[in-house]
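This report concerns only the one structure given below.
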Amino acid sequence: MTISPPEKEQKKEPVLDKPIETDAIPVDFSKLDKPGFWSKSLAKGPKTTTWIWNLHADAHDFDTHVGDLQETSRKVFSAHFGHLAVIFIWMSAAFFHGARFSNYSGWLSDPTHVKPGAQVVWPIVGQEMLNADLGGNYHGIQITSGIFQMWRGWGITNETELMALAIGALLMAAIMLHGGIYHYHKAAPKLDWFRNLESMLNHHIAGLVGLGSIAWAGHCIHIGAPTAALMDAIDAGKPLIIDGIPIASIADMPLPHELCNPAIASQIFPGLAGRTVENFFTTNWWAFSDFLTFKGGLNPVTGSLWMTDISHHHLAFGVLAVLGGHLYRTMFGIGHSLKEILDNHAGDPILFPAPNGHKGIYEFLANSWHAQLGLNLAMIGSLSIIISHHMYAMPPYPYLSIDYPTVLGLFTHHMWIGGLFIVGAAAHAGIAMIRDYDPAVHIDNVLDRILKARDALISHLNWACMFLGFHSFGLYIHNDVMRALGRPADMFSDTGIQLQPVFAQWIQNIHNSAAGSTTLAGANVNLQPGLVSEVFNGSVSQVGGKIGIAPIPLGTADFMIHHIHAFTIHVTLLILLKGVLFARSSRLIPDKANLGFRFPCDGPGRGGTCQVSSWDHVFLGLFWMYNGLSVVIFHFSWKMQSDVWGLTGGNFAQSSITINGWLRDFLWAQSSQVLTSYGQPISMYGLMFLGAHFVWAFSLMFLFSGRGYWQELFESIIWAHNKLNLAPTIQPRALSITQGRAVGAAHFLLGGIATTWAFFHARLIGLG
């Protein structure tokens, strides 16, 4: 990609004199009437049906519109504001539904019996059947997004506050939309501003993350924690007394601004009495130990983390982020320079013997947004997967842990988001290698050495995949055969041939024994063994007669399914990594970089060169990601129902060790709710289950047949239309190979995800 304006010599002064260009691009509404205005060929309009597919494929490929990094950067930056606006509108809709159509107040008053609902179906031709009795004289659709639990954690106590949030979110959306227009048309940043990476890190880490976390800690301290303390006392039947009046119900709750009054707040947390500033600056920080705690474990009333622990966490994290954000050299000439760090960083001479170390890596990252995006997607995707585990192991929101459909939904959601982001990381890494990588800059540095060693990397990874696949699947096949032959003693199981996950059990014991041994002297902490998370040999957390979380025992069944996880993860990695390492060239197609990110084959006359583009690796990686994560969420769903929630009689350990057990005791047995949902409030999940299966099956039509079949069929259909003088002016064309695979993958994933959605929700909502 060309870089405009031309690169200048590195500036001595770190601060840019004028970082923006005013009135750079005038607003031109006429473009809205010209689909494909960015491309000469697309702007001519459609001659064949391929035009509409190319329009969709290239609409957001800003690189190809102008081929100018500054213009691309401005478009991406402006699009960020549009994205934020969409998020605020979406949040506003959630707040509005909570304020106008929900049973939020009813749920707050009895969260262990009333189920959350925020949508009432209108009775047109019988749809009112979907309005389930959720308790508290409310009929509606049960929601499983966790927003009620989250709002309770924020300290929201009535629908009026939700309506205020809905209006506020709409206003923020309007500001964001204006920001996107302003920073593209009126005050567009220059390329040097985008490439000023140290200032960007300072702004993002210290400003957005650090100050944002401290600001949220302030909300938690002054609103969230006092509200939680009052409401927890109500739910426990031991109301607190404020100014001589017992706070016995939500109607008695002080308004949020009243909680900021030290005279009221100090009756809940004495540390919030009027001397907080003095205590802070005299370092008398122990005075804050009643609302900045380190208790560990779960609140026995709500089955969630202590709000005072959460406040402490956000404050500490925010302070660390503010400090970390100031590590980089910006305007004062002190701190780290990323270019100096990378240019001077050479790895271990034995393990990583690249003579030029990381030289050239800074320039690659500073000029390739695809490379940066690849790294960021990989990290945020991994973080999402970590979050999915924390949602059940350390539930952050009140009463979340006993809302089983929501726990399962949040786990599944964050797993799929993480998987999609990681595949996206490989996609953008491949694009970066093709469009932004300059071999002349990378000579004997770490990236060059990895590319030179790619055959060894991929072949070894392929061996690991084969080893994991044959052995882990072989354990299941062995068990199926032994069970069929009536030889349980010869099966791999906790009662037969044991394969205990000794390392995982050791890690559980470390977490259990380490609690309480790493605390500060004099701190107000009460960490007991098992209270880092109850899943690590802790105790059972029960709320309202339901198990929120309990110790999760690991045995042979977990050992076996975890090696299936290892297998699917390694195969996904093999596909994605091969797509990146062989994006520019391969023995089969040495000039692959000239063909671009996505291409069907290496031209006519070269058989066997189809489906080798970097895009095709992303396509294949999506399937393995989806199938791998399906095993993960199935494992989680069955394990929790069996060993934690007590819904399936603890059958996981003995049933999940055979393929037949997964088919019979998980898929078949647990689909009874969705298959028999007709005539019940969960009947829409039955329809969704059928419909999503259809969408999934529809995808196979695109994936299993070639382009020529359809083009041949179209020729006959067009001939018939010509006979009747009904031929269309836009010539029908079969989808290209790449387009067909894209449509197939989209329907495969959509159908599979919606099928699983219906299966999980009907199961746990149906069980009540």
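First residue shown is number 1, and so on along the chain.
Each residue, glycine too, has its Cβ placed from N, Cα and C.
The [4Fe-4S] cluster binding site annotation in Swiss-Prot covers Cys601, Cys610. For Cys601 ([4Fe-4S] cluster binding site), other Cβ atoms within 10 Å of its Cβ number 17.
The divinylchlorophyll a' binding site annotation in Swiss-Prot covers His693. Around the Cβ of His693 (divinylchlorophyll a' binding site), the same chain contributes Gly751, Thr755, each under 8 angstroms and 6 or more positions distant in sequence.
DSSP assigns Tyr709 (divinyl chlorophyll a binding site) to a helical segment in the three-state reduction. Taken from Swiss-Prot, the feature divinyl chlorophyll a binding site covers Met701, Tyr709.
If you draw a 10 Å sphere around the CB of Trp710 (phylloquinone binding site), it holds 17 other CB atoms from the protein chains shown. The feature phylloquinone binding site is assigned by Swiss-Prot to Trp710, with sequence analysis given as support.
Per Swiss-Prot, the feature transmembrane segment maps to 76-99 (among others).
Tertiary neighbourhood of the transmembrane segment (162-185): same-chain residues 23-27, 74-75, 77-82, 84-86, 88-89, 91-93, 95-96, 98-100, 104, 151, 156, selected by CB-CB distance under 8 Å and a gap of 6+ residues from either end. The transmembrane segment annotation in Swiss-Prot covers 162-185 (among others), and the record cites sequence analysis as its basis.
Per Swiss-Prot, transmembrane segment is recorded for 201-225 (among others). Nonlocal intrachain contacts for the transmembrane segment (201-225), taken as residues 6+ away from its ends with a CB within less than 8 angstroms of a stretch CB, comprise 153-155, 256, 259-260, 265, 269, 272, 291-292, 307-308, 310-312, 314-315, 317-326, 328, 330, 338.
Summarising the annotation, Swiss-Prot assigns transmembrane segment to 310-328 (among others). If one looks beyond the transmembrane segment (310-328) by at least 6 residues along the same chain, the residues whose Cβ comes under 8 Å of a Cβ in the stretch are 153, 197-199, 201-207, 209-217, 220-221, 224-225, 291-294, 335-338, 396.
Marked as transmembrane segment by Swiss-Prot: 369-392 (among others).
What Swiss-Prot records for 408-434 (among others) is transmembrane segment.
Tertiary neighbourhood of the transmembrane segment (456-478): same-chain residues 450, 491-492, 499, 560, 563-564, 566-567, 570-571, 573-574, 577-578, 581-582, 657-659, selected by CB-CB distance under 8 Å and a gap of 6+ residues from either end. Residues annotated as transmembrane segment in Swiss-Prot: 456-478 (among others).
As annotated by Swiss-Prot, transmembrane segment applies to 559-577 (among others), with the evidence given as sequence analysis. When Cβ-Cβ distances below 8 Å are used as the criterion, the transmembrane segment (559-577) is approached by residues 422-423, 425-426, 457-458, 461-462, 464-465, 468-469, 471-473, 475-476, 492, 499-501, 504, 617-618, 620-621, 624-625, 627-628, 631-632, 635, 656-657 of the same chain, each at least six residues removed from its ends.
Taken from Swiss-Prot, the feature transmembrane segment applies to 617-638 (among others), supported by sequence analysis.
Among the features that Swiss-Prot reports, transmembrane segment is placed at 682-704 (among others).
With a threshold of 8 Å between CB atoms, the same-chain residues lying at least 6 positions outside the transmembrane segment (742-762) that come near it are 57, 144, 405, 408-409, 412, 416, 619, 622-623, 626, 630, 633, 637, 670-671, 673-674, 677, 682, 685-686, 688-689, 691-703, 735. The transmembrane segment annotation in Swiss-Prot covers 742-762 (among others) and rests on sequence analysis.
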(request) Note down the number of other Cβ atoms within 10 Å of the Cβ of Cys610 ([4Fe-4S] cluster binding site), including every protein chain shown. (result) 13
(message) Roughly how many Å lie between the Cα atoms of Tyr709 (divinyl chlorophyll a binding site) and Cys610 ([4Fe-4S] cluster binding site), rounded to a whole value?
(response) 17
(message) Should anything in the same chain at least six residues away from the transmembrane segment (76-99) have a Cβ under 8 Å from its Cβ atoms, list it; otherwise answer none.
(response) 62, 118-119, 145, 147-148, 151, 159-160, 162-163, 165-167, 169-170, 172-174, 176-177, 179-181, 183-184, 189, 194, 369
(request) Could you round the CA separation between Cys610 ([4Fe-4S] cluster binding site) and Trp710 (phylloquinone binding site) to a whole angstrom and send it over? (result) 18
(request) Express the distance between the Cα positions of Trp710 (phylloquinone binding site) and Met701 (divinyl chlorophyll a binding site) as a whole number of Å. (result) 11
(request) For the transmembrane segment (369-392), could you work out the same-chain residues 6 or more beyond its ends whose Cβ comes under 8 Å from its Cβ atoms? (result) 69, 72-73, 76, 400-401, 407, 410-415, 417-422, 424-429, 431-432, 435-436, 535, 549, 640
(message) Between Cys601 ([4Fe-4S] cluster binding site) and Met701 (divinyl chlorophyll a binding site), how many Å separate their Cα atoms?
(response) 21
(request) Please classify the secondary structure at Cys601 ([4Fe-4S] cluster binding site) using three-state DSSP. (result) coil
